[in-house]
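These notes are about the structure you will find just below.
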Amino acid sequence: MTLLALGINHKTAPVDLRERVTFSPETLDQALESLLAQPMVQGGVVLSTCNRTELYLSVEEQDNLQEALIRWLCNYHGLNEEDLRKSLYWHQDNDAVSHLMRVASGLDSLVLGEPQILGQVKKAFADSSRGHLNVSELERMFQKSFSVAKRVRTETDIGASAVSVAFAACTLARQIFESLSSVTVLLVGAGETIELVARHLREHHVRKMVIANRTRERAQALADEVGAEVIALSDIDERLKEADIIISSTASPLPIIGKGMVERALKARRNQPMLLVDIAVPRDVEPEVGKLANAYLYSVDDLQNIIQHNLAQRKAAAVQAESIVEQETSEFMAWLRAQSASETIREYRSQSEQVREELTAKALAALEQGGDAQEIMQDLARKLTNRLIHAPTKSLQQAARDGDDERLHILRNSLGLE
C-alpha cells in the first residue's frame, strides 16, 4: 500500500487550467466512483478549491502507476496530457503526508497561514468519507493533518497577524476599540474587499453595520447576508455622526468623505473619536481629515505597511510550523511502518496457530487410539519445533550461501541469537 498526493495549485498552474481541472460538488461522488473503479486505487479524497485540485490516494504499487492516474485525470476532464503534466506535482508516502499537513496548516496557501483551507480540507475529507475512503491509513493521515493544523495554530503565530487589506482593516479596528460589540460601523462601497470586511466584522459581533453604496441592489445582497442596513451615498453626510468606524472602498474618482463632513460629525458626536480606514485608490476620504482631532485616518498604504510587517512575522512563524510538520510526519510514518509490521505479525501468528492446531489434532487422535502418551508428546514437540524453525532455517542457509552477512545478522537478531 502506497499513499499518494497529486495535483495542481496556484504555484504550478494558471487559473484557466485550474478551472478546467476542478471538481464541482455536484459531480464529486461520480468522480470518486470513477476514481475508485481504477484497479490500483484502494481509497481516495478529492480536494478542489479555487487555488488547488488535489487527489489523495491509497494505491497498490504497479508499473506505470503515475501514467495511469494522469491518464484518468485527463480523460475525466477532457484534457491533453501534456498540458497537465507540466503543471502536475506528485508526492509519495512521506512526502504525501508532509504535503497534506502543510496544506491543512496553511503553509502551502496563496496567503501564508490563511485559516480557510483547513475547513476546505475537512469538507473534502467528509465528502469523500461517504463510501469512498475505504482505507484506515488514509483516514488516519487526514485526522492527523487536522491535529497538526491545530497544533500549528496553537504553538505558532502563523495566523495571528493580518496579511490581507480586509483583515488588516478589521484588525486595526479591534486594536483601537476594546470591543466591537458596542460600535457602529459604516461601510462605504459593496465590492469584494468590503464584502470580506463585512464578514470579518460579523464574526466579531459589531453592534450595528450600515452599508452605503451607489447601487442599492448590490449593497442589499451583502446587507442581507451580514445583517446590515443599506443607505445611499447621499445619506452619508447625515448618518456619519452615528459611525464609530468608517471603512471605505469604492471606485469613485473623487473623495466621498470630506473634511467638513467629518468636522460636522465630530461636533455632533461631542468629539467622541472616529476611526476612518480608506482602502480605496483613488482615495475616498480627503487626506486633510487626518489632521482633525479625534479623527484617526488610515490609508491603504498604512495598511500595506502593517501587512508587510505581519507577513514577515508569519514567515518567521512558518519556520517553526515547518518544524512541527516535519516532526509529525516522521511520527506518522513510524506509525504507518508499525501497521505494516503488525499485519506481518498477525500473519505469522496465524500461520503458527495453524501448525499448532494441525499437530495437536493429530496428537489427540493418536491418544484416542491408545498410543503411548509419552511418545506422542515427544513426537508432537519434535514436529512442532521442526515446522516452526523450517522457514527461518532456510533463510539462514540462503543468507550464508549468498555471503550476505548483513541479512544473516538481521536474521540472528530477529531470532534472539544476538
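Backbone N, Cα and C atoms are what each Cβ position is placed from, and that goes for glycine too.
Keep in mind that this is a model prediction, so the values were computed, not measured.
In Swiss-Prot this protein carries:
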type	residues	note
BINDING	T49, C50, N51, R52, S109, E114, P115, Q116, Q120	substrate binding site
ACT_SITE	C50	active site, nucleophile
SITE	H99	site 'Important for activity'
BINDING	G189, A190, G191, E192, T193, I194	NADP(+) binding site
Cβ neighbours within the same chain of H99 (site 'Important for activity') - under 8 Å, at least six residues apart: A5, H91, D108
Other same-chain residues whose Cβ falls within 8 Å of the Cβ centroid of G189, A190, G191, E192, T193, I194, the recorded NADP(+) site, in sequence order: L187, E195, L196, V197, S249, T250
Residue with minimal Cβ packing [other Cβ atoms within 10 Å] among the binding-site residues P115, Q120, A190: P115
For the substrate site built from T49, C50, N51, R52, S109, E114, P115, Q116, Q120, further residues of that chain with CB within 8 A of the site's CB center: G106, L110, I117
Secondary structure at G189 (NADP(+) binding site), reduced by DSSP to three states: coil
Other C-beta atoms that fall within 10 angstroms of the C-beta of G191 (NADP(+) binding site): 14
Structural state of H99 (site 'Important for activity'), classified by DSSP into three states: helix
Cβ packing number for T49 (substrate binding site), 10 Å threshold: 19
Cβ packing number for T193 (NADP(+) binding site), 10 Å threshold: 20
Number of other Cβ atoms within 10 Å of the Cβ of N51 (substrate binding site) across all protein chains: 19
Around the Cβ of E192 (NADP(+) binding site), the count of other Cβ atoms that are within 10 Å: 10
